[in-house]
Ligand code: APR
């Protein structure tokens, strides 16, 4: 552990499960009879904007009823106390990492609390419901959409993530099924660049075989244990 300076952490829906936010591919992964993959596409947004906006309006509103759990808190502690480089890359669109206090992080799949103008690409903080046809304050186009990366769209900040992975001594994946690329491939990129790799997940994921170590269990238990050990040994 003493050789570790630069850490990249990938989080997925599993880290927010104990806060009460349903994961995508678990038992609660259906929404009004739709698979999430059917709702979260550019085609769905074009053909049924009411459905897509409503889906995200409900998820945005639900943030008011959840709080960060011990896993978010532990990563925020690591963010405060780790003197080396750290990047927390979350696939989650909730705001629980920030609310726990993490700052060295980014949302590669977008954020519920943000709206994106499809006409001019301006982003604006958004906490309310977002009806289709809402006007952009910058360009005036009635084109605000949820600031969410849909299936088939390019995840955000990939150049920052790739750079961090190329420098990482340790890559840790927490609460993700490894079903969605490019995030599912980060472990292989990190390994290619010589990083140690650790998976913390409730059950084996699609990518478990690529990790040098896998610990199975709840994020609310495993993540605080791992952070405590890392900070103690550093
Ligand atoms: N602690 C740790 N892991 C957990 C917990 C928990 N308490 N509860 C569930 N998990 C694990 C599940 O075993 C599963 O492997 O979290 C994983 C969640 O997987 P998914 O639901 O597929 O979520 P995620 O990997 O984040 O999905 C990736 O897919 O739908 C898209 O864009 C969406 O960002 C999302 C992406």
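Even glycines carry a Cβ here, placed using N, Cα and C.
Annotated features, as they stand in TrEMBL:
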ACT_SITE  109  active site, proton acceptor
BINDING   12-31, 91-94, 175-177, 201-203, 219  NAD(+) binding site
BINDING   56, 59  substrate binding site
BINDING   117, 120, 136, 139  Zn(2+) binding site
DOMAIN    1-233  domain 'Deacetylase sirtuin-type'
Next on the checklist: Cβ atoms within 10 Å, counted per site: which of 59, 109 has the most, among these recorded positions?
Outcome noted: 109
Item to check | Pairwise CA distance, residue 117 (Zn(2+) binding site) versus residue 175 (NAD(+) binding site), rounded so that it is a whole Å | outcome: 31
Next on the checklist: With the Cβ atom as the reference point and anything under 6 Å counting, tell me which of the recorded positions (16, 20, 109, 120, 136) are near ligand 1.
Outcome noted: 109
Checklist outcome for this item: binding-site residues considered: 16, 91; fewest surrounding Cβ atoms within 10 Å belongs to 91
Next on the checklist: Using only C-alpha positions, which one of 16, 20, 59, 202 is spatially nearest residue 136 (Zn(2+) binding site)? These are the binding-site residues in the record.
Outcome noted: 59
Next on the checklist: Test of understanding: give the count of other CB atoms lying within 10 angstroms of the CB of residue 175 (NAD(+) binding site).
Outcome noted: 27
Checklist outcome for this item: For residue 175 (NAD(+) binding site), the spatially nearest of the recorded positions 59, 109, 120, using Cα atoms, is 109
Checklist outcome for this item: A correct count of other C-beta atoms within 10 Å of the C-beta of residue 56 (substrate binding site) gives 22
Checklist entry - Which residues of the same chain, at least 6 positions away in sequence, have a Cβ lying under 8 Å from the Cβ of residue 120 (Zn(2+) binding site)? => result 136, 138, 139, 141
Checklist entry - Counting Cβ atoms within 10 Å across all protein chains shown, which of the binding-site residues 117, 136, 139, 202 comes out on top? => result 117
Next on the checklist: Suppose the Zn(2+) site is 117, 120, 136, 139. Which further residues of the same chain have a Cβ inside 8 angstroms of that site's Cβ centroid?
Outcome noted: 118, 119, 121, 122, 137, 138, 140, 141, 143, 144
Checklist outcome for this item: Running the recorded positions 56, 59, 109 through a 10 angstrom C-alpha radius around residue 91 (NAD(+) binding site) leaves 109
